Amino acid sequence: MKISLPFSNKNYMFSSSYLFFFFAAWSLWWSFYAIWLKNNIGVSGSNLGIIYSINQFTSITFMILYGVIQDKLGIRKHLMWIVSVILIATGPFLIYVYEPLLKQNFMLGVILGSVLFSLGYLSACGLIDSYVEKISRKFGFEYGQARLWGCLGYAAAAAIGGIFFSINPHYNFWAVSIVGILFFITNVYYQPTKLLKRKEIQNKSDSYNSITLNDFAIIFKNPKFWGLVIFILGTWSFYNIYDQQLFPVFFANLFSDPSVGASVYGQLNSIQVILEALGMACMPLLINRIGPKNSLLLGGAIMTCRILGSAIFDDVYIISFIKMLHALEVPLFVISIFKYNAANFDKRLSATLFLIGFQIATSVGIIILSIPIGMLFDEVGYHTIFFIISVIVIASIVLGFFTLSNKRQSKPAGDIKPANA
């Protein structure tokens, strides 16, 4: 089947720009965050776990607020202004506030950092994704077709960031602020409501304004929702600890010079994310064919292969190949979550569903597990941890086979026709 991108759709172009600049800004520092903390700041494994746990705990509050507010706003872009400001402020904050505080007043630095990182990245990631997904359903294009530009932005920034990081991490941080300015400019020029007919704007505005607390309560009483949350806790949350907290340092230490490993990791990350972008474009075809439930289970199986492979092998070439599996599992999970939610729950609450059912579920798992896994790393090393995580993910996949719903979305994306798009 031929895959084409809707470049003539203004909403697609602006949505793609949001994603490209956001993920480029995030990649420039987040790809090297664990390495920077460990090798440049000198953070121990247990303290690294504390940082990740507090970051995730703080992000939960903002995820809830972002989700509820964006669902009330619909396609209006008010929250994008907050993200814009945080992106621009990231460079000065990391250099002049966060780094000195981690060395002189660790807990104060961690707490302040968790607020900024949550507002601008950890919570904003789900906000941007859910906002673009709302736009995609209203203007008739696949979310994955826009999300691929986020992957490309992440890849390009990771490649450049690897070079910058090997010279001076501060170059990465200043680059984040520059990209943040481009995100800000995108938000200035995008006017989504002006691209809809006046009657359609009024109808949709009334629909979103009619959302009540009872609508949210119905979601939390639905067994399907909690089945999804349990599945995410047992798969994606464990995987994120592996991929963000453990794998970057594990990979860098495969080299005699960790700084060389960090540079290679950046280049490898860029290749992986380019492949991930291709997956974002292609995966909607597979997911529409086999359904969101089977796609989630397949993503979990691929995830298990990567984690288990890291536990078994320590050859840098094999580990590099295993990392490429990330390019398959991320599109499967992210796109399938949106399609699963659209098929099983109220579409008006898509932001809340994604941020709570996916992002917060992931964060809760990270909060609970980051510190003990960090302590376990200090005692026994990586391979034992990877084996344990693999077993838990396998058990969660088996449970998900019985608890996830087989229901599929009854109609294609695009429920509003744009006036001039």
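A Cβ is built for glycine as well, from the same backbone N, Cα and C atoms used for every other residue.
Record features, source TrEMBL:
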DOMAIN    1-408  domain 'Major facilitator superfamily (MFS) profile'
TRANSMEM  12-36  transmembrane segment
TRANSMEM  48-67  transmembrane segment
TRANSMEM  79-98  transmembrane segment
TRANSMEM  104-128  transmembrane segment
TRANSMEM  148-167  transmembrane segment
TRANSMEM  173-190  transmembrane segment
TRANSMEM  225-242  transmembrane segment
TRANSMEM  318-338  transmembrane segment
TRANSMEM  350-374  transmembrane segment
TRANSMEM  380-402  transmembrane segment
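Through the fold, the transmembrane segment (173-190) approaches residues 14, 17-18, 21-22, 24-25, 28-29, 77, 80-81, 83-92, 94-95, 157, 160-161, 164 of its own chain, all at least 6 residues removed from its boundaries and within a Cβ separation under 8 Å. For the transmembrane segment (350-374), same-chain residues at least 6 beyond its ends with a Cβ under 8 Å from one of its own Cβ atoms are 45-50, 52-53, 56-57, 59-60, 63-64, 66-68, 70-71, 122-123, 125-127, 129-131, 133-134, 137, 216, 219, 225, 228-229, 232-234, 236-238, 240-241, 245-246, 337-338, 341-342, 385. Remark: the transmembrane segment (12-36) makes no contact with the transmembrane segment (225-242), by the rule of 3 or more CB pairs under 8 A.
For the domain 'Major facilitator superfamily (MFS) profile' (1-408), the model's pLDDT averages out at 87.
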